[in-house]
Amino acid sequence: MSTEPLLLPGAAGAKAAEQQQRKGRRVGIDEALSAHAGEFGRWQLRHFVLVSAAWALEALHTMVIIFADREPAMVCAAAGGAGCGDRCAGAAAGWEWADGAASSTVAEWGLVCGERYKVGLAQAVFFAGCMIGAGVFGHLSDSFLGRKGSLQVVCVLNAAFGLLTALAPNYWAYAALRLLTGFSTGSVGVLAFVLATEPIGPSRRGAAGMSTFYFFSGGIAALAGVAALFPRSWRTLYVVTSLPSLAFVAAVVPFVSESPRWYLVRRRADDAMRVVRAIAAANGRAVPDDVALKLDDEDEEGKGADGPADASSGSIVDVFRSGTTRVRLVLSVLINLLASVVYYGLSLNVVNLKTNLYVSVVANSLAEMPAYLLTALLLDRFGRKPLAIGTMLLSGVFCTAGSLIAGAGIMRVVRMACGVVGIFGMAATYNLLFIYTAELFPTVVRNAALGCTAQAAQMGAIVAPLVVVLGERVPFAVFGASGIVGGLLVFYLPETMNKPLYDTMAGLEEGEKTTLLE
């Protein structure tokens, strides 16, 4: 016989209410940030700056090839400049490199004339490594390694491979090490972007995400300054550009927090709440004791629509299983590939300006910054989709115009201006696509999806140099068509402005159904 006292209906209801109150409210991370911890306070600002510094590291490892593989000036060693033969014969014909044979890989290994293709091959191999690494580390960061752990690993590998590159005994060893460096470099930006933006509230996430590319452009400008200090040794340049990755791991990573969203999808709710409470404390706010975190497909009992949720990790296979995310991924891959062809293709034209290489690289990197500012200011006013369409079409139209202009006299300047507007528009698009793509996918597969689109972007980077060698007007036509087609494809993507950053696939599907019914 039960010894429990009989309760009247009213008393039973009161007891249930008391138990529910003791249990507390369960909210998603976006709501916890917006209502309690703060969307972008001191904690998020500090964390954002520290993590985004990794973008500068990616710029160093990616763009160092501009200076290490440059073709220095040649001087005739014969008295009065007479008696020198074919330049392709090099020293045998009396020619010497102005900055010495150790100034670049081209000078040291004679990568000129019939061997010049090897310069482009090394660049293509690097981006091929980026393409592979982006997918591998994108998956690892969504699974057991996490965002912070993955970023730490790739930075250590970057430093190691970069230092080994400085010791390369011959060209083929150099190309192999550039492949390995690309493998670890290709995911640095994606990992830093996700880790920097996931703890930020929904209304501030877009503008913050758009600001990450300032660090990349700043890294390129800094690289030009460093390269100018070591014009006579490409090996020293590799050492100097690799050491900052070690400094980042030792001095920055220990002060960076793992993403609370990753903790949550890995079923580590206590760790996620610890980070949220730290955010609130640093921002001068507090999270009530009765608040607990939940995934967006969980109910108050911590169960999903089909029972206990099991969303601790996901892969690219899970993206393809859902019709919603499958279409988004295919479109995102195509758009990122086309944007990359245009962005890297137009950037490579810096060597054709016939001006001081160091000054040209700095000017090119600084010219992109107004595009980043413009998109950051307009992102939350017009939305992701209209801005992506507008910037891609702007770039495409001006590149197409450039292909119709003959490169003679003053018209050469006009065509160059078309290229400047083209890279302005595509730099804005390239930056925008990071925040836009991240918001299209839930936390459980976000880095896997971003890794896939990053692979597509690297494929575009491999294609870009092959387009540039087609002549003066044909590349502009290809860039114009790529920009226009990319802009039209964006029409088929949904707007993500002011929408929740979903944690699970089920949460995304349910949210999309609710949107369609409204």
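A Cβ is built for glycine as well, from the same backbone N, Cα and C atoms used for every other residue.
The following features are taken from TrEMBL:
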type	residues	note
DOMAIN	47-498	domain 'Major facilitator superfamily (MFS) profile'
TRANSMEM	119-138	transmembrane segment
TRANSMEM	150-169	transmembrane segment
TRANSMEM	175-196	transmembrane segment
TRANSMEM	208-230	transmembrane segment
TRANSMEM	236-257	transmembrane segment
TRANSMEM	329-346	transmembrane segment
TRANSMEM	358-379	transmembrane segment
TRANSMEM	386-407	transmembrane segment
TRANSMEM	413-436	transmembrane segment
TRANSMEM	448-468	transmembrane segment
TRANSMEM	474-493	transmembrane segment
- Note on the structure: Under 8 Å Cβ-Cβ from the transmembrane segment (236-257), and at least six residues away from its ends along the same chain, one finds 47, 50-51, 53-54, 56-57, 60-61, 64, 67-68, 148, 151-152, 155-156, 158-159, 161-163, 165-166, 195, 199, 223, 226-227, 230, 275, 278
- Using a Cβ-Cβ cut-off of under 8 Å, list the residues of the same chain that are 6+ residues beyond the ends of the transmembrane segment (150-169) and lie near it. 51, 54, 57, 61, 133, 137, 140-141, 177-178, 180-181, 183-185, 187-188, 191-192, 195, 235-236, 238-239, 241-243, 245-246, 248-249, 253, 256
- Task: Could you check if the transmembrane segment (329-346) is in contact with the transmembrane segment (119-138), meaning 3+ Cβ pairs under 8 Å among residue pairs at least 6 apart in sequence?
- Result: no
- Same-chain Cβ contacts of the transmembrane segment (474-493) under 8 Å, 6 or more residues past its ends? 327-328, 331-332, 334-335, 338-339, 341-342, 345-346, 385, 388-390, 392-403, 415, 418-419, 422, 425-426, 429, 436, 440, 467-468
- Item | Tertiary contacts of the transmembrane segment (358-379) (same chain, 6+ residues out, Cβ under 8 Å) | 63, 66-67, 206-207, 210-211, 213-214, 217-218, 220-221, 223-225, 227-228, 347, 350-351, 387, 391, 420, 423-425, 427-428, 431-432, 435, 497
- Two-stretch contact, the transmembrane segment (208-230) and the transmembrane segment (448-468), at least three Cβ pairs under 8 Å: no
